[in-house]
Amino acid sequence: MAQTSSSSRLEQQSPVGISTKTVNAKIMSKWNPMHTLAASGQKNRLDLLLRRGGEINAQDVDGFTAMHWAVLRGGARDTIIRYLLNSDAHLTAKEKDGATVLHYAARNANSFAIKSLLRSNADINACDNEGWTPLHIAAQSGRTDIVHLLFAMGADTDVYNKDGNTPLDLAQSFCESFITLAKKEMASRLIATKGSSKLTTGEEWDQSKSSTVDLSKITSKKWIPLHTLAGSGQIKHVVLLLKHSIDVDTRDKDGLTALHWAAICGRDTMVRYLLKSGADATAIDKDGASVLHYAIRCANTYAMKAVLRRHADVNACDNEGWTPLHIAVQSGRLDIIKFLLTRGADTRIKNKDGNSALDVALSFGKGLYYYHIVELLKKETQRSR
């Protein structure tokens, strides 16, 4: 009875369940609450946050918006994408490297997002700071369905990036590179089964043996083929790359690895393969955020459990002192919070703003759902003393 009474009082104090403090807190930090709610698919809470005065186009420290995060998470967030579009989210917003939402939809091979964005007049030929258009990225991914979709909707095949390459150049280089890799793979298999003497006179083996794979034309500091392939779910291509001396933990300019991108984009099969291939489950980006941080932001429970099985640190802190538990609380996902607690998540750790996971929960106000999160964290904190 006492619990019901407390819950009722909390509800009366804050009928929408999210505080003004939370709405306006640290918009330019890495972990913006609106972005986490979009990435984790929490439409009702996102709606409450916006009605409470949240800015739908707020950008984080890297320039990302809620729409960037909804698109990155893929098909599981179609409802969020539709909601943000209906709420007049800006489609011209660019992150710090000049990439639009459409660039990331192409990286994730998110056809629903691409169609929705273009129907809402997103710029199909928008260039990032390196001159890459969404079509350049689609060409890098090897996803012919996405290339065809963008082409059918009016993408310009003759835009040159700063390296002097058009999307057509990238597509050609991609095909040449992976045909060469496929020939090498086929030749090595035949050698293993039949012996090299059967093959050394063959034209295919001569070409495969003498050819080198040059990925430079389809690579930039931001757009790395391994990462785009991981994000778009192209596992056969990733297999070829890793079999030919590409480092599974190659990092982009922001310190992200292919495993980060597979977890963010919800590519569970890719996560499994990358971990099996030796990917570092503890890898962190330039801000100190681990794969586990991103998996939880995007409510990717498969990736979360997979990296923890590979000894990811459940209490790892990023450069702002945020743990995976802080982010799980921010997302309002009680199931994830409970799971992290069973794996040893420490409720007492405070971030650099002096906030524990409990403080984050309290900042969301007095909604009934957060009441249960608050009570759970209080009990766990008391038990840990």
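Placed from the backbone N, Cα and C atoms, the Cβ positions cover glycine too.
Annotations in TrEMBL come from automatic prediction, not curation.
Database features, via TrEMBL:
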REPEAT    29-61  repeat 'ANK'
REPEAT    62-96  repeat 'ANK'
REPEAT    97-129  repeat 'ANK'
REPEAT    130-162  repeat 'ANK'
REPEAT    221-253  repeat 'ANK'
REPEAT    254-286  repeat 'ANK'
REPEAT    287-319  repeat 'ANK'
REPEAT    320-352  repeat 'ANK'
Where, among 97-129, 130-162, 221-253, 287-319, 320-352, do we find the most CB pairs under 8 A to the repeat 'ANK' (29-61)?
320-352
Cβ-Cβ under 8 Å with the repeat 'ANK' (221-253): same-chain residues at least 6 beyond its ends:
97, 99, 107-109, 128, 130, 132, 136-137, 140-143, 146, 174, 178, 181-182, 184-185, 213, 215, 259, 261-262, 264-265, 267, 269-270, 273-274, 277-280, 283, 285
For the repeat 'ANK' (130-162), give me same-chain residues lying six or more residues beyond its boundaries with a C-beta closer than 8 angstroms to one of its C-beta atoms, as numbers and ranges.
97-100, 102-103, 105-107, 109, 111, 114-115, 118, 124, 168, 170-171, 174, 178, 218, 220-223, 225, 228-229, 231-232, 234, 237
Calculate the per-residue pLDDT averaged over the repeat 'ANK' (62-96) and state the result as an integer.
92
